Every structure is written in structure tokens, then in C-alpha cells.
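Now, the feature entries from TrEMBL:
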- B:D7: active site (ACT_SITE)
- B:E67: active site (ACT_SITE)
- B:D140: active site (ACT_SITE)
- B:D7, B:D140: Mg(2+) 1 binding site (BINDING)
- B:E67: Mg(2+) 2 binding site (BINDING)
Number of protein chains: 2
Amino acid sequence: MRVLGVDPGLTRCGLGVVDGSAGRARMIAVGVVRTPSDAEPGERLAYLETQLGEWLRRFSPDVVAVERVFADANVASVMTTAHATAIALLTAHKHGVPIVFHTPTEVKAAVTGSGRAEKAQVTTMVTKILRLDEPPRPADAADALALAICHAWRGSAAARVAALTPGGMP
Amino acid sequence: MRVLGVDPGLTRCGLGVVDGSAGRARMIAVGVVRTPSDAEPGERLAYLETQLGEWLRRFSPDVVAVERVFADANVASVMTTAHATAIALLTAHKHGVPIVFHTPTEVKAAVTGSGRAEKAQVTTMVTKILRLDEPPRPADAADALALAICHAWRGSAAARVAALTPGGMP
């Protein structure tokens, strides 16, 4: 199964492509889409849409895995993340690729064995699992790869859970 | 000044077009885009994008006015509203139309004189201001018209405020 992991954001949107099956994972590509915070919001979203479309065309993933965002104290940050998530939903739909959501806890548990693992531990495990020479930077790139690994390993079970989520909305 | 007001939402997205200047306002069009809550999220966003594009082409507004959403207790609702807002940002950008945001308080104050007015009062005043035979239904349609009136009346002052907002993000 080929998974495109997306750590949604406008300033930095992490992207990672992984081929994987239970217990196995190979990195195909990793990157970060950056847009300047002083650019017009619509322009930033349009650029993200273009870049996501490029990745979908180039790597033809079977599924897109996105981090499910929860509201927290930083409302402005949650809103821009939600906007980036909407672009992922829209673009994946236009390319006919299903999209699934995983919580940060699910992702941490999948790659470290603990849903309460530190960010650094996630990066360390992603580096080991994918046998990379050095840790993916920035953290958004590592998080995108972790998402992709998480979904590839959870496989069809996660897809069934997503289908059962009321409304299916992130 | 012609304003397309957008009350963002996925289940119902209110749209209202108003021609207005200080103290005057005329309704050009009003409507609601609905998408079924059991449809795939990406499909709903794609449909909203298509419909918004249709309104932008048909009515050529000078500006799009959108309700600025704040996080509240209902996280799921805030997220879908934020997704719809992202589609408005993206679509307005692609059509080269500037987008501005107004808070519910600003909108209520503009049409009723009080930022703490009830929803019903907003609908009543929108009906009076636009000299409509009956109140616009559903409430999302009235809210979209109120947004458009609000922006048309605040005019360039609001645009200057928006330009000064740090990051300019909703």
C-alpha cells in the first residue's frame, strides 16, 4: 500500500510518501510545502492545492493520510490548519484518492508503541523504521512520514474505523 | 459596491449578493448551497467550490465578505465551517476577487445597531433594509445578506482594518 502522509499547515505542510505493509515500510519521498505568512490566504491555499496535486500525480498513492486536528488554545493556528486540511480533502477528492484521518495519539502509538511519546521519539523511530541516514527535517516532514507509516500499518482496519465515524468529518 | 456575502458551512452555505453604499442596499440574489452530510467530505467541498465559482462568475462581486468564525464548544462544527471558509478563500482568489472577514458582532451592529442583537432581529432588519416582501429563509441566507450589507456599509474602512490584521488570516 502506498500512502501519502500530510501534516497539514499553511506555513509548513509536511508531505511523506511511504510504501508499506504490516511491519514493513519504505520511504519513497519526503518534503515540505511552505507558503509565506505575509501572502494573501487564498494565494497560499491555491499554492498548496497545486503542490498537493503535483505530489498526487507524481506518486499515485493509494490513500492520503491526514492528521486529525483538534481545537486547542491557539485558535488562529487551528483555523489555518483546518484550511490546509480542506485543501487536502478537496485535492484528494479531485484525484479520486480516498483520504483517512489519524489522531496524533494513533500516529505516536503506531511508530513508538506509546500514544504519549515525545515528538523527538517519533522522529527517531521514523528514521529507524525507514532506515534513513539522518532524521527527516523539519518536524513536519517527519510527522508526515509517521502518518503514512501509521496508516500503512493499521491498513484496512483503520479504513473501516474511519467509515464508521459519524459524519466521517475530521 | 457589489458584495457577495458568504455564511460558510457545509450542510448549508448561505450566499447573498447586495449592491450597496453608505446607508443604501439592494438585493441582487440570495441562495443556499446545501450538501448532504452523508456525502464524502472532499465531494462536499468540491461541490461548494463549483457553486461559489458559479456565483462569482454570474454576479461579478467587487468583494466577497465572509463570517469570521471562532472556535467554540462544538469543535466538529467549527472544523467543517473552517473547511467551507477555506473553499471561499481559494475560490475568491482564483476569480481575482478580494475577500474580507467580519465578526458576527460587526454584522449584527451594522444592521441592527447592536452587536448583541438576536438572530431574529438580524433577519427582520435585513428584510426591512432590502425592502423584501418576506424574510429570507433559511437563517443562513439572511446571514449572508447581512454580511454583504455590513461590508457595503463599512466600505473602505473595513478593508483598511482587514489589511492591518496581523497575518490577515481568518
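The backbone N, Cα and C atoms fix where each Cβ goes, and this holds for glycine too.
Note that the structure is predicted; figures quoted are calculated from it, not measured.
Positions of the features from TrEMBL, shown on the structure.
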residue: B:D7; record: active site; DSSP (3 states): strand
residue: B:E67; record: active site; DSSP (3 states): strand
residue: B:D140; record: active site; DSSP (3 states): helix
In Å, rounded, how far does the Cα of B:E67 (active site) sit from the Cα of B:D140 (active site)?
11
Other than its own, how many Cβ atoms are within 10 Å of the Cβ belonging to B:D7 (active site)?
27
Long-range same-chain neighbours of B:D140 (active site), Cβ under 8 Å, sequence gap at least 6?
B:D7, B:G9, B:R12, B:C13, B:G14, B:V32
